[in-house]
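The [2Fe-2S] cluster binding site annotation in TrEMBL covers A:Cys82, A:Cys87, A:Cys123, A:Cys127.
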Amino acid sequence: MTTEQDLAHASLQAILQTHQNQPGALLPILHDVQDTLGFIPDWAVADIAKALSQSRAEVHGVITFYHHFRTTPPAQHTLQICQAEACQARGSRELTAHAEQVLGCSLHGRSADQSIGLEPVYCLGLCSSGPNIQLNDKMVSRVDAAKLDRLLANVKEAQ
Amino acid sequence: MSIRLFVPRDSAALALGADDTAVALAAEAARRGVDIELVRNGSRGLFWLEPLVEVETAQGRVAYGPVEADDVAALFDALIHGAEHPLGHGLTEDIPYLKNQERLTFARVGITDPLSLADYQAHEGFAGLKRALSMDGAAIVQEVLDSGLRGRGGAAFPTGIKWRTVALAEAAQKYVVCNADEGDSGTYSDRMVMEDDPFMLIEGMTIAGLAVGATQGYIYVRSEYPHSFDVLNQAIRLAEDAGFLGENILASGKCFKLDVRKAAGAYVCGEETAMLESLEGKRGVVRAKPPLPALSGLFGQPTVINNVISLASVPVILARGAAFYADYGMGRSKGTLPFQLAGNLKYGGLVEKAFGLTLRELLHDFGGGSASGRPIRAVQVGGPLGAYLPESQFDTPLDYEAFAALGAVVGHGGIVAFDDTVDMVEQARYAMEFCAIESCGKCTPCRIGSTRGVEVIQRIQKDEKRPQQIALLRDLCDTMLHGSLCAMGGMTPYPVLSALNHFPEDFGANDAAE
């Protein structure tokens, strides 16, 4: 019987195979693992290290250096709000406070019902039309409190 | 005959609903039985008008915007005839914001379909590459030297000198690396090039490869730019299939290959040596220099590292000649810079102009003043490591040397405006906090100094022994400025000290207690 765990292991082996001969393969591998599994599980680290002839500590060090990589499963939905200057100048601090209030958590936390993870992001490159957010894969500009409430209601409805 | 409509596919347009607008236009056309051809072009960079829909007419393209999906039904009749409408702006080329620019690097952006090779070539695309193929490497380097082009990533180092160093280095393998880790808040010109005119970057990198004898290039793109990553990969495949990239470029016998690598959300990887570490699959920790990356760069080989805009400026320099490019600009700041008007401005967007215009012209003549209608109080130029300028400095010309004389930087050309509700002590605290979050940790002034900086500023905010804290903050900034290994720690004091020097009242300077 094939379990979910077997599938995950098979995916990892396929990813390692794809990047085997690529110079500087670690970041491309970590991206593929996270894109496939949603995060980089502890058990994958040993296999990645072995494939690249590196120590587990080296791989762990790289994973934890970069903000993008995560070692635990993400919430069902991820809401990122830009915290950088161009968005600050257009009200992102107020928008963040609103999101924290309606979700019942702070940045890096999860909503009371655990379904939405609230994360900071430092610039999406849409700096003339902030405040900007990214909700799952979709970037949205000129987001005020009312627009954020609508977007959040939409993802909940789609659940 | 079908009617050609243009709806941008640039991220900024998408984030304002351009896809929904495109779907609504197609549906409305089908409902009415009107034959349309929908082109997904790049953005013109007039973001307050996005989604900007254009229609091709005998007189030229006519612009409408912002056009949201809900506007389509009511707009459609006017749109397909290029007729007047409350959302209409007349001929796109005549909109003053565009007409008053000097678009050399951005000449095609917003006009063409980013993934159409035919479109690209119909607008001077690959003219620079073709000329470069007829020259030897040294002549290409000389052309770039003569153009006066300086690194557009922020450091403003002469591109031609960098290229010459790599060209003269002896090695079996050399590399061209494009730094597309555009992490500065208030900047997006790299993103626009990658999404809206990717062949220009490919062409520029190929020319760099020919100039220095490199056969492999990498584009290091930040993970926050997924559209750029996708568009570049598609463009590279198209260019390879058409013979503009690969083993035998346009049957010249010369080789250049290109790969795109995705970063992983570390701001410090915009620093060139940290980027090299990251490309090699390591933590993005800054390297000590020397050795220069030009001599010992990626995988220890001679490496040209340039920003997207630097490389994207190369095709026009080769196509039209160094003198054409050097004719723009002032002093030692030759050519043009794509400025990015961001933050609290009424008309935020991409403004490519020759160096030498003033900040005030950008903020008011182009930007239209603040979006909130309140006075502009502070402007941060050059990203999170750039200084905050007060109103008294708005007449400074945009020129590398003029800004350096103020203790400020032009950087990558990001201009972030704040109105008079800004709290400058909070902006200073944020600058230190950002450095604490993003420091690679290698050198102490940056790693520890930033955290101590946050604490000191918090004590200023709480009015705990304020004069002493301010003295401490200045001392700390001095240590960071002079003791850090790279610009992360070395320039974080720019926003902090400029806030303190130009806006002392926010730091409690006028309090009666003092």
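Along the chain as shown, the residues are counted starting at 1.
Cβ from N, Cα, C; glycine included.
Predicted automatically and left uncurated, TrEMBL annotations should be read as such.
Feature annotations (TrEMBL) mapped to structure.
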residue: A:Cys82; record: [2Fe-2S] cluster binding site; CB count, 10 Å: 30
residue: A:Cys87; record: [2Fe-2S] cluster binding site; CB count, 10 Å: 32
residue: A:Cys123; record: [2Fe-2S] cluster binding site; CB count, 10 Å: 30
residue: A:Cys127; record: [2Fe-2S] cluster binding site; CB count, 10 Å: 32
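The DSSP secondary structure for A:Cys82 ([2Fe-2S] cluster binding site) is strand.
In the three-state DSSP scheme, A:Cys87 ([2Fe-2S] cluster binding site) is classed as helix. DSSP assigns A:Cys123 ([2Fe-2S] cluster binding site) to coil in the three-state reduction, outside any helix or strand.
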